[in-house]
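Undergrad: Feature table excerpt (Swiss-Prot):
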MOD_RES   Ser102  phosphoserine
BINDING   Ser102, Asp241, Asp243, Asp245  Mg(2+) binding site
ACT_SITE  Ser102  active site, phosphoserine intermediate
Amino acid sequence: MKQRQFFGTDGIRGKVGAGKMTPELALKLGWAAGRVLSRSGTQKVIIGKDTRISGYLFESALEAGLSAAGLDVMLIGPMPTPAVAYLTRTFRAEAGIVISASHNPYYDNGIKFFANDGSKLDDEVELEIEAELEKPLTCVESHLLGKVNRIDDAAGRYIEYCKSHFPAEQTLSGLKIVVDCAHGATYHIAPSVFRELGAEVIAIGDKPNGLNINDKVGATSMGQICETVLAENADLGIALDGDGDRIMMVNRHGRVIDGDEILYILACDAQKRGVLRGGVVGTLMSNLGLDLALQALEIPFVRSKVGDRYVMELLKEHDWRIGGENSGHILNLDHGTTGDGIVAGILVLAAMQRQNASLEALTANITMLPQVLVNVRFEGDNDPLASEVVLAAQAEVEQKLGARGRVLLRKSGTEPLLRVMVEGDEQEAVTEYANYIADAVRNLV
């Protein structure tokens with residue numbers, strides 16, 4: 001298959017006003033996508049965005065391009081990425097478009113597409129859109145231009161969808177939860193969801209101003225929520241990222257519960273209820289502790305490349321339901337078509353209620369091994385992964401670690417860096433081993 005030149009593994013992303021993320025390219029992209037999507041289906045597209053100030057700019061540009069190609073547009077304003085996937089399905093739209101750079105700072109933005117079933121757009125369709133980008137922009141006849149409408153009740157629809165994943169006979173009454181919305185797309189959704197299910201909610205990161213998304217808050221900056229959980233004597237914390245597709249949690253003692261531990265909780269709960277349907281998909285970066293804990297329960301575990309797109313590929317290949325990344329992208333195909341931080345949090349809370357157990361109790365039988373990541377710059381044409389010296393250092397460390405450790409060497413896709421990751425039982429030894437391999441890379445001539 002021809003390689004995509006424009007789309008990455010998760011759409012298009014970059015600094016606003018530079019590279020691909022310009023108004024001109026957004027206009028052309030809307031038109032090109034409209035040309036491809038108008039060949040079949042309902043002739044309508046949903047557009048949602050996060051809270052970045054540049055969202056208005058790209059929303060207008062995409063809207064104009066789609067209209068010029070003859071497609072109707074439905075705007076839903078600031079909404080989580082998984083909400084766009086859900087509403088695309090329920091409105092029988094031909095596609096959904098998300099304007100977001102996820103966990104990146106406000107000065108970045110991105111554009112990604114969902115197919116009509118709420119899944120990521122196929123590579124073949126993205127290649128068709130790229131082919132249209134090479135053509136001069138035209139406009140359909142005036143009577144064929146697309147119309148634009150706003151879905152005023154989009155937030156309410158999605159709130160009810162999220163709540164539907166919590167058992168009707170259960171309530172969160174008596175729980176105090178800190179919810180961190182990262183000043184992002186969940187700011188008007190997540191607090192309402194958990195309050196309406198009965199919890200006492202303390203919301204932080206819920207006052208977006210266009211410039212503060214992911215700024216010292218959210219799933220990639222856990223300091224504030226950990227402090228708030230302790231200060232408020234809360235039962236737990238739920239931290240979402242800027243577009244709401246990833247989650248991290250905090251137990252009552254202020255300890256972070258990452259994506260690997262959330263996967264463990266969901267897999268254990270599904271196994272207890274007899275609905276697991278296979279095993280769990282993690283990634284190359286998933287902690288060995290998850291692998292070992294699932295082995296103890298005789299739950300199969302496989303690793304994909306890093307990225308929720310690749311997790312989804314393996315889930316479909318194995319016909320399994322649960323997978324995700326340690327960064328907090330959680331997929332449960334019985335509860336949606338894409339990563340959804342709010343829904344993942346609801347599923348963990350449902351497991352707590354069913355088992356009458358705290359977050360601490362649900363993670364008592366998984367021990368996360370110390371993990372050290374060292375980024376090493378290499379020079380010239382030297383490929384460290386082809387170096388006998390580096391490979392010998394890796395083999396030596398792997399022999400010392402045995403079955404209770406792991407080494408992963410990955411090259412960066414954007415710069416001459418080798419990422420050296422080592423896991424093992426002892427922090428001091430793991431750090432020593434990672435630096436030993438890193439030194440072998442640095443000494444390459």
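A Cβ is built for glycine as well, from the same backbone N, Cα and C atoms used for every other residue.
Could you tell me the structural context for the features on the list?
TA: Shown in sequence order, Asp10, Arg13, Thr81, Gly110, Asp241, Gly242, Asp243, Asp245, Arg246 are the residues of the chain, 6+ apart in sequence, with a C-beta less than 8 angstroms from the C-beta of Ser102 (phosphoserine).
Within 10 Å of the C-beta of Asp243 (Mg(2+) binding site) there are 35 other C-beta atoms, taking all protein chains into account.
Reduced to three states, the DSSP call for Ser102 (phosphoserine) is coil.
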Undergrad: Which are the residues of the chain, Ser102, Asp241, Asp243, Asp245 excluded, whose CB is within 8 A of where the CB atoms of the Mg(2+) site average out, their centroid?
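TA: My list of surrounding residues reads Asp50, Pro80, Thr81, Ser100, His103, Gly184, Ala185, Leu240, Gly242, Gly244, Arg246, Gly341.
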Undergrad: Given a 10 Å Cβ-Cβ cut-off, pick out the one of the binding-site residues Asp241, Asp245 that has the most other Cβ atoms nearby.
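TA: Of the binding-site residues Asp241, Asp245, the highest Cβ count within 10 Å belongs to Asp241.
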Undergrad: Where does Asp245 (Mg(2+) binding site) sit by DSSP, helix, strand or coil?
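TA: Coil, per DSSP.
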